[in-house]
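Here is the structure we will look at, set down as structure tokens.
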Amino acid sequence: HWQELESENRLDGETASDSESRSEFGGSSTVQTSDDTPEVLNRALSNLSSRWKNWWVRGILTLAMITFFFIIIYLGPMVLMTIVMCVQIKCFHEIITIGYNVYHSYDLPWFRTLSWYFLLCVNYFFYGETVTDYFFTLVQREEPLRILSKYHRFISFTLYLTGFCMFVLSLVKKHYRLQFYMFGWTHVTLLIVVTQSHLIIHNLFEGMIWFIVPISCVICNDIMAYMFGFFFGRTPLIKLSPKKTWEGFIGGFFSTVLFGWLLSYVMSGYRCFTCPVEFNNDTNSFTVDCEPSELFQLQEYNIPLVLQSVVGWKTVRMYPFQIHSIALSTFASLIGPFGGFFASGFKRAFKIKDFANTIPGHGGIMDRFDCQYLMATFVNVYIASFIRGPNPSKLIQQFLTLRPDQQLHIFNTLKAHLVDRGILGSLEDA
């Protein structure tokens, strides 16, 4: 794969802007070509060609990662959130390290320190917003948390301003442009990594099914596109990724839509997956128990007349969520891969094979999650646009924190509104 990438680079040539960037950044990055495959696998697969050896290594490690994924799902939402946080930090580290290797050659101060400081500030802001939103009664119950919640955005902005001032003070003559490159590098990395991981956690709170199905669809598409491409691939798909083929892209699409539809059917029958993740103030723990919404109740749908003669059925019983799963799996198959293409372009720009060598045969953590972050944004937007409405429990929690005169005003306004609509009178008569 790397030889193909290098030969294509030579064919593409190098533009003037590339040469200037390389000159200013101290030359191109060194490509690490060492074999990071565990010695046990190397010995076991020593008789195979490099193509099949890579196939087996990727397959074994993929099964190991899927097993780990099932384990953390079984351990519950708190463990899932912790894993998301760890993945976010590791992805940030991999991207920042690439910039640091370039930046370090000039021995300029504070880049790595400021990068991690900004990561801390952004996480404090996002996770503070999440705590205030989903743990409102707990925050109101504890005095220190109530103060932190009240002034959360001011504190977050103050922390960011401190880092901003530190950056300005670190500017060194003759290297201003490079330092601003790195300042932008850090902020774009924060936008891509931290914001998306924050959206993943928001999706998780809507119900674990909104977390598991999208992630599983991306994993399925990645695996099936690789399988179809490996066995049937002949037609190159995109120049950024020479080994991606149209056969793999199309095969991955149909496989993922079918997989997402079936997985949604199985998971929609379990409350632990479909209920929103809520915090129980009495037990100080998360709960996932509720009366399933209409999305997760079996309903009967009429089959179009054109298909009735083919399948022999007039109606079919399915969960409404399965219809939404088609949209999720379609995005995972058609648009999700562009996150991988984007990452491929990024790696080509800096002449590196992978973001890191954390996972043998797969590269770094960022190499595995480049499509997941794009998917997380889509799921969050999809829920906000087509699924989620106002949350009554959160509205009541906010109502109870108002002053008595404000509560009375809202009560009278709501009462007058219900009387005008005839709802309150009918309830009193009943």
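The count begins at 1 with the first shown residue.
Backbone N, Cα and C atoms are what each Cβ position is placed from, and that goes for glycine too.
Over in TrEMBL, the protein carries these features:
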COMPBIAS  1-23  compositional bias 'Basic and acidic residues'
REGION    1-36  region 'Disordered'
COMPBIAS  26-35  compositional bias 'Polar residues'
TRANSMEM  110-127  transmembrane segment
TRANSMEM  154-172  transmembrane segment
TRANSMEM  179-201  transmembrane segment
TRANSMEM  207-233  transmembrane segment
TRANSMEM  245-263  transmembrane segment
TRANSMEM  321-343  transmembrane segment
Stretch of maximal Cβ-Cβ contact with the transmembrane segment (110-127) [cut-off: under 8 Å; candidates 154-172, 179-201, 207-233, 245-263, 321-343]: 154-172
Spatial neighbours of the transmembrane segment (321-343) far in sequence, C-beta under 8 Å, 6+ residues away: 209, 213-214, 217-218, 220-222, 225, 238, 240-241, 244, 249, 252-253, 256-257, 259-261, 263-265, 268, 274, 295-296, 355, 366-367, 370-375, 378-379, 382, 386-387
Same-chain residue ranges lying at least 6 outside the transmembrane segment (245-263) that approach it to Cβ under 8 Å: 212-213, 216-217, 220-222, 224-230, 232-237, 322, 325-326, 328-330, 332-334, 337
Folded-back contacts onto the transmembrane segment (207-233), same chain, C-beta under 8 angstroms, at least six residues removed: 55, 58, 62, 66, 69, 73, 77, 80, 200, 243-253, 255-256, 259-260, 263-264, 267-268, 272-277, 288, 296, 321, 325, 328-329, 332-333, 336-337, 340, 371-372, 375-376, 378-379, 383
